[in-house]
Amino acid sequence: MTCILHVAVQTPAHSGVGDLLSYQHTEALAPGTLVRVPLGQREVLGVVWDALPGEPLPAMAQLRPVAGVLAGLAPLDAAWRRLVAFAARYYQRGLGEVALAALPPQLRELGPEQLARRLRRPAAPAQDAPDAPETTETIALSAEQQSVCSQIASQPGPFLLYGSTGSGKTEVYLHSVQAALARDPAAQALVMVPEINLTPQLEARFRARFAPLYGAGSVVSLHSGMTNPQRLASWLAAHSGRARIVLGTRMAVFASLPGLALIVVDEEHDASYKQQEGARYSARDLALWRGREQGAKVILGSATPSLESWHASRPPTPEDPQGGRYLRLHMPSRIGAGALPRLRLVDMAQQPRGAVFSPPLLAAMTERVERGEQCLVLLNRRGFAPVLHCHACGWKSDCPHCSAHQVFHKTDRSLRCHHCGFAQRVPRACPGCGNLDIAPVGRGTEQLEEQLAALLRNVITPARRAARVARIDADTTRAKGALEEQLAQVHAGEVDVLVGTQMVAKGHDFRRITLVAAVQPDGALFSSDFRAPERLFALLMQAAGRAGRDARYMEAQASQPEMWVQTWHPDHALFAALRRHDYPAFAAQQLGERAQAGMPPFAFQALVRADARTQETAQAFLQAAGDAARATPLPGLEQVFIFPPVPLAVQRVANVERAQMLLESTSRTALQRFLAAWQPLLHAERARHKGLVRWLVDVDPQAI
Ligand code: ADP
Ligand code: ZN
Ligand code: ZN
């Protein structure tokens, strides 16, 4: 008997094709079954979806037949399909687009026979997991950890585990995962981390704990740094239930996990949980939704929680007897590590003019290096200098394709645009006037490395060698394995001072770093992005957490860890809170400001962005789309405020002009209702602009 199947496929963006396409097949297939179907001239992967309620059925004769069924695979379960459908709806994207993007790339290419062969093959050995640790012993939990673990075991959650770096959060994750898996032989756990380069460390720890219990294949990773065959192997292991624990970055939130019982989101405040292209989902927020839907507990962990999560976990008070939706669990003590570092603020107004490193900071670093300790210097700008400048005619190294400067990289004498990637050789003379004396203005990590090496040239370490300075940033770690190699050098003590971007502030377990310095953090204090102070505070706290991690080393050295900050604004409230390591005070102050200004988490936002050849076209498109919404008027509009269109901070990238329009509402439901009703108008408006505009919606944007 021939049947009609509704199939989610990846249709080209803005094609106007509906979310599901209909095909005919010789028999009914369960929703969630993977099929190959014809689409135009191609044959693509699709997911059989639940029948649409109330849709008139198309005439069978017009339907193309399904080309093949990936029979060896169990259908994707209803919970997974609900997650995908929710994400598509909430983030205003196509169902098929989200569904197919959530599957491993290789699965999209394999035909039924190839897949069958793939499934017969024994599982690939675990992806380049470090052979690392021998121990399987379980650590006796501290009293704080015990109390937290028993609350996680007995309460429904979700939980915000607020504990400083080194307080033993990872140990709580391990313990909670173990408890969840022990309860049910089919149970699975998902553990997410923000950065790919943090997964090997974590994987080693989880493997050491769980491989002896559940076998070597019980722990798998999922992240974009893996090859396609590795990703497919991990995905299949999770889908089949063979893998009990999936460790991954944000994409792992979409893994097929039929037995999902626990989700951990480590460093939940980290901005990289937000996808920045396609469906711009927040993996943290989806984790919370998925946990609720699938009956899995959710633990968010951080030393500096996002203000959203902090607010959502506020304890009940007489004025606010409900409190927040999450349960906040606090672990104030540091276990393996010593005391948190002391903050040393350097008032740059009191320092010699133009000094990159103030004399007291330089003296402190020299002293550390002479004792054989290591220092970490942070600057969030790659390259040697952000711009080259001719003082004779005013020429600047502007990118010809963007409204941005090209950054001067001295190592390979190039000018590179960090927005579009355009690269040129540094000109011999000023292209404007021929002046030979064009100079770098401002500084980046390359320059810090060079200057520090010169300043510390005569400093001798206890190993009787000259001090060594090294740099770790996106430029030095482009090659595969480069980061691991450089980190190994730091661990081996071959480097005395490490210069780097925020990349090195995150998560790494440096044992001999005792001093951390942020040399130019001021930009974030007065940024137009209201989240900049929140991010700076998190970064500085995290960086501070890199110093003095090994209590025994600190004791042997008789050394105290320090965090140095050079600033022109030493009286800023942010630094006062940082000095006391007082995240709650900082959060209270910030939340007070946000409440007053009606900003998240007290309001919900969405951005519509338009890209066009000219700024006028981009803005006119947004204006017209806003006007159309008001003229109708659309449902939800009465509770949604539409701001006027504005250019983006970097308004032109790769010759494309970019504008955006902010939408704000105190009601998430109203905003969602409005956005859903608005979609067709945006499509229509684009058609009216003859396709000369591209647009996208970013729900809960991270950067305004
Ligand atoms: P966090 O994830 O909060 O930074 P970790 O869980 O990594 O903290 O713990 C920091 C260090 O303390 C690690 O070396 C860990 O092995 C150790 N540790 C954690 N819990 C205990 C415990 N109960 N007893 C002894 N050492 C512990
Ligand atoms: Zn010139
Ligand atoms: Zn450019």
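Placement of Cβ uses the backbone N, Cα and C atoms for every residue, glycine included.
Remember, predicted model here, so these are calculated numbers, not experimental data.
Copied over from TrEMBL, here are the features:
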type    : residues                       : note
DOMAIN  : 150-323                        : domain 'Helicase ATP-binding'
BINDING : Cys390, Cys393, Cys430, Cys433 : Zn(2+) 1 binding site
BINDING : Cys399, Cys402, Cys417, Cys420 : Zn(2+) 2 binding site
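A map of TrEMBL features onto the structure.
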residue	record	Cβ contacts under 8 Å, 6 or more apart
Cys390	Zn(2+) 1 binding site	Lys396, Cys430, Gly432, Cys433, Asn435, Asp437, Ile438, Ala439
Cys393	Zn(2+) 1 binding site	Cys430, Gly432, Cys433, Asn435
Cys399	Zn(2+) 2 binding site	His405, Gln406, Cys417, His419, Cys420, Phe422
Cys402	Zn(2+) 2 binding site	Cys417, His419, Cys420, Phe422, Val650, Arg652, Val653, Ala654, Asn655
### Stretch-averaged pLDDT - the domain 'Helicase ATP-binding' (150-323)
94
### Summary
For Zn(2+) 2, residues beyond Cys399, Cys402, Cys417, Cys420 with C-beta within 8 angstroms of the site's Cβ centre include exactly Pro400, His401, Ala404, Gln406, His418, His419, Gly421, Phe422, Val653, Ala654
### Query
In this structure, which of the binding-site residues Cys417, Cys420, Cys430, Cys433 has the fewest other Cβ atoms within 10 Å of its Cβ?
Cys433
### Query
For the binding-site residues Cys390, Cys402, Cys417, Cys420, which sit with their CB under 6 angstroms from an atom of ligand 2?
Cys390
#### Entry: Other residues, Cβ within 8 Å of Cys390, Cys393, Cys430, Cys433 Cβ centroid (Zn(2+) 1 site)
His391, Ala392, Gly394, Trp395, Pro431, Gly432, Gly434, Asn435, Ile438
### Task
Would you mind sorting out which binding-site residues among Cys390, Cys393, Cys402, Cys420, Cys430 put a C-beta under 6 angstroms from ligand 3?
Cys402, Cys420
### Mapped DSSP class for Cys390 (Zn(2+) 1 binding site), helix or strand or coil
strand
### Task
Quick one: of the binding-site residues Cys390, Cys393, Cys402, flag those whose CB is under 6 Å from ligand 1, and say none if nothing qualifies.
none
